[in-house]
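Participant: Okay, handing you the structure first.
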């Protein structure tokens, strides 16, 4: 191999991988860090890479692209995996993989590498993305190749090679954490026992509902063509809007979930997720659709959503079938305009109002107090008789 582009976070795993690649492949390693809202100090990451004699370091701000082209399209589908997971990690991998391949082409690299473990979903997501963007690229997955089979052995390797091992609040190696503008996930350590209650001091974006404000907060989110564009009438870019919702939702204990999910490779895993802004957006988007989308179309969306979510979770973002579903989902997005009013209180998101110039809601038809024009109560009798025919025993 001539040159390798490593997806580099500056954390323990990828710092060890960087050193390991240099030792075992005897070629230049380019590092690429995508700033997608993880709130890491990018200058520290650059210094870490430079300290390991890396000559080409790419640190790129991709927050707007991430939210605009990946998060928002996913939320147009009201996407949720297995009832709880808003796919915060899953949706970040396609963008990182795409840009990693672009950097490989730019620098003349013939291989890419990632830090995903051999037990997880991310190895699949990264590599599906690589092969969709460049079928001939060589892929190095150190966790499937080296003899460092546990986090303990990884830490020992790091210490022997003078690689800094970050410590958490109790002076121990931290949880396995993945963060971006959409969410933060925590895995490993005591969480590997699904019956043990989490130590919520781990949270960095949110207060727990018990510690959240005792005063409800009302906000309004404005939608245009299916995407949020403003909070309380203040226009915001996609990344800034999600950032603001994270701040607002975090102080009210919104979007903290403890789940056991089914990984694509067949293993069950437990994680704690913080998704304050995304949780608010999911409720708001469903609310604007409830008045702008007709019944059968809404039900169809609910039927295809699990398939769409499964495709993203399993790493199939770039596939034809995902793009086909996206086209179907986006077909009527021009109608999804309006404003949703939401109350936030101690972990709960309550939609308290919605309005749209494209609303299909009719007060005259829905009201018990008005004489409905165009609807005769007597018509319901025939409707019931016809639709009950199959229920009657012969």
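Note: Cβ is positioned from N, Cα and C throughout, glycine not excepted.
Look at Swiss-Prot and you will find 7, 8, 9, 10, 11, 12, 13, 14, 15, 34, 115 tagged as ATP binding site, backed by sequence analysis. If you look up Swiss-Prot, you'll see 85, 90, 121, 125, 176, 185, 261, 273 marked as L-citrulline binding site, on the strength of sequence analysis. Feature annotation from Swiss-Prot assigns L-aspartate binding site to 117, 121, 122; the stated evidence is sequence analysis.
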Participant: Using DSSP reduced to three states, classify residue 11 (ATP binding site) as helix, strand or coil.
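Facilitator: Its secondary structure by DSSP: coil.
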Participant: Please find, for 7, 8, 9, 10, 11, 12, 13, 14, 15, 34, 115 as listed binding ATP, the greatest distance between any two Cα atoms, in Å.
Facilitator: 17
Participant: Where does residue 85 (L-citrulline binding site) sit in DSSP terms: helix, strand, or coil?
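Facilitator: Note: residue 85 (L-citrulline binding site) is in a strand by DSSP.
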Participant: When DSSP states are folded down to helix, strand and coil, where does residue 261 (L-citrulline binding site) land?
Facilitator: strand
Participant: Determine, to the nearest whole angstrom, how far the Cα atom of residue 90 (L-citrulline binding site) is from the Cα atom of residue 122 (L-aspartate binding site).
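Facilitator: Here the two Cα atoms are 8 Å apart.
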Participant: Work out how many Å separate residue 11 (ATP binding site) and residue 176 (L-citrulline binding site) at their Cα atoms, rounded off.
Facilitator: 10
Participant: Sort residue 115 (ATP binding site) into helix, strand or coil using the DSSP assignment.
Facilitator: coil
Participant: How many Å separate the Cα atoms of residue 121 (L-citrulline binding site) and residue 9 (ATP binding site)?
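Facilitator: Here the two Cα atoms are 17 Å apart.
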Participant: List the residues of the same chain that sit at least 6 positions away from residue 85 (L-citrulline binding site) in sequence and have their Cβ under 8 Å from its Cβ, in sequence order, or write 'none'.
Facilitator: 257, 259, 261, 273, 313
Participant: Measuring CB to CB from residue 9 (ATP binding site), give everything in the same chain under 8 Å that is also at least six residues away in sequence.
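Facilitator: Sequence-distant Cβ neighbours: 33, 38, 40, 45, 115.
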Participant: Within the chain of residue 13 (ATP binding site), which residues six or more apart in sequence place their C-beta under 8 angstroms from its C-beta?
Facilitator: 115, 154
Participant: To the nearest whole angstrom, what is the C-alpha distance linking residue 185 (L-citrulline binding site) and residue 122 (L-aspartate binding site)?
Facilitator: 13
